[in-house]
Amino acid sequence: MQPDPNPAAAPAALIELTGVSKRFPGVQALDDCRFDLRAGEVHALMGENGAGKSTLMKILAGVYQKDGGEIRMDGRAVEIDDPRAAQALGIGIIHQELNLMNHLSVAQNIFIGREPRGRFGVFVDEDKLNRDAAAIFARMRLDLDPRTLVGRLTVAKQQMVEIAKALSFDSRVLIMDEPTAALNNAEIAELFRIIGELRAHGVGIVYISHKMDELRQIADRVTVMRDGKYVATVPMAGTSMDAIIAMMVGRQLDTEFRTPPDTSANDVALEVRGLSRGRAIRDVGFTLRRGEILGFAGLMGAGRTEVARAVFGADPVDAGEIRVHGKTVTIRTPADAVAHGIGYLSEDRKHFGLAVGMDVQNNIALSSMRRFVRRGLFLDARQMRDTAQSYVRQLAIRTPSVAQPARLLSGGNQQKIVIAKWLLRDCDILFFDEPTRGIDVGAKSEIYKLLDALAAEGKAIVMISSELPEVLRMSHRILVMCEGRVTGELRAADATQEKIMQLATQRESTVLS
């Protein structure tokens, strides 16, 4: 596939990266990569997690320094040694984790460290500070009071403040990393409107996202990376999503919805009755069988995560009974749950489930250290390493070695490490809370296959997901919640997105099947 459909007619690049390489200890993160951006365009950057997208953009933003290659702006070679150099060139980046101070006003956040001063240069000129912020908002056609404390804003409004901060440096290049991850549909529409305003002013936007439908709406071109290498640049119009996915993963993905096995005769592994906690969980009951994937669907705040955390002993309950393999058990702490063979993979794996500063080996062994202790005193380091390597092979975890820090792995591989941890604990009941959040399409496919394989081995799985196609693809049965209650149950063969949404927005229980 050609890098550009018609290079001769293409306008001059605002910024151009060629032959860029970057190496970290044990990892070639980038190898001979290229990318260009034109004024007034939205250029999507896509690839599986670990493909090198963020590394390439961090080099452009001055966070990392390249080992080789060239960066040109307006046709002139430039060196970007640090973020200040990038800002001086008019390059801004909006990180997925926003970098704002809640106790300061909007205007103070925008101009922090660069506040206009009064006559004697001692005191901040608050009037000018607020006027300058208002001028940027006028350019964005955004109605936002510069005096408002950032901590009082929604995530969407805070993101607009980050964009305004970047524009305050007269940014001509704006890098957006997964900007809609925490936004609802109305907020996404507002963000796209702002992007349209920026394009009209000639700002070039690099847009990193896994959401194909969004890119269809706003991207002009898309560059695909794979394994730290450049694959292709194609126009978004006229390029199918299947073609882009194939470029991203280097293979065709199995995206067909499969017919789930009949597990209705299997033994019941987990039974929950009358589970309640305030208004968050209200008289919830369900059964889960061996070899079954039970999908939990519902809108944000429906109570799905709360149920999982309650069963796992992470949160107290007011009432309810839990039976494991037919026996009533008492679960007051996660240790109690694990002792009964229940594992929980949190939706926030980086804070709950993964020690990102530790290596792969120690993360896998973290919850099972006792089995590696010899004579009550010494860790059997060799057995721990061999066990970790066995799970790395079994789950196809992509890592140079088990000594690699977990923070350097992609989201999909981090998720596999957490799964390995619970498999090592011999958990046969597993709660997966948003198991594919923040990972790319290729890694999602691998997680799906892994869940299917675990179910085929007899593991009993609850999968909580906000992505309806994912729930429909993976579940053998689907439980729907609304406002803390189970409002319905659907067999996989009868389930549709429409039926799920009907149940997710009603307050009374029913069964559609």
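In case you wondered, yes, glycine gets a Cβ from its N, Cα and C as well.
Per Swiss-Prot, the feature domain 'ABC transporter 1' maps to 15-252; the stated evidence is sequence analysis.
A51 (ATP binding site) falls outside any helix or strand according to DSSP and counts as coil. Around A51 (ATP binding site), the same-chain residues at least 6 positions away in sequence with a Cβ under 8 Å from its Cβ are M225, R226, D227, G228, M248, D440. What Swiss-Prot lists as ATP binding site is G47, E48, N49, G50, A51, G52, K53, S54.
The annotation domain 'ABC transporter 2' is assigned in Swiss-Prot to 263-508.
Across the domain 'ABC transporter 2' (263-508), mean pLDDT in this model comes to 89.
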